[in-house]
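J.: As annotated by Swiss-Prot, heme c binding site applies to CYS19, CYS22, HIS23, MET85. The N6,N6,N6-trimethyllysine feature in Swiss-Prot is assigned to LYS77.
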Amino acid sequence: MPYAPGDEKKGASLFKTRCAQCHTVEKGGANKVGPNLHGVFGRKTGQAEGFSYTEANRDKGITWDEETLFAYLENPKKYIPGTKMAFAGFKKPADRNNVITYLKKATSE
């Protein structure tokens, strides 16, 4: 099942409870345990400025878009073996769609 636009408000709520402890989204936001996600769409894996990535993330070589994030967020450690992202993933496609819809807006403002 591919990405389909979701509910931005539900995505914001999911991000706040499941992602924000490790990631920021605003321009110039700090890297935390995970990298700042501003500008993530169109960026290659392992390229957020000032963040120390694993070799696996740097070498994956894919560009983040709706489809790659949809696959990654289902099971990050399966998609990029060796990633240090501890989050197990969003198993429900609707949750992934909602978070990605939120990220598309929040990481580009």
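Start at 1 and count along the chain as shown; that gives each residue its number.
For all residues, glycine too, the Cβ spot is worked out from N, Cα and C.
What you are looking at is a predicted structure, and each value in this text was computed from that prediction instead of being measured.
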J.: Excluding CYS19, CYS22, HIS23, MET85, please set out which residues of the same chain place their CB within 8 Å of the center of the CB atoms of the heme c site, keeping sequence order.
T.: ALA20, GLN21, LYS32, VAL33, GLY34, LEU37, PHE87
J.: Once near-sequence residues are set aside, which residues in the chain of the residue listed as 'N6,N6,N6-trimethyllysine', 6 or more away, have Cβ atoms under 8 Å from its Cβ?
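T.: Residues satisfying the criterion: THR83, MET85, ALA88.
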J.: Including all protein chains displayed, how many Cβ atoms other than that of CYS19 (heme c binding site) lie within 10 Å of its Cβ?
T.: 20
J.: Near CYS22 (heme c binding site), how many other Cβ atoms are within 10 Å of its Cβ?
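T.: By my count, 14.
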J.: Here are the binding-site residues: HIS23, MET85. Which has the lowest count of other Cβ atoms within 10 Å?
T.: MET85
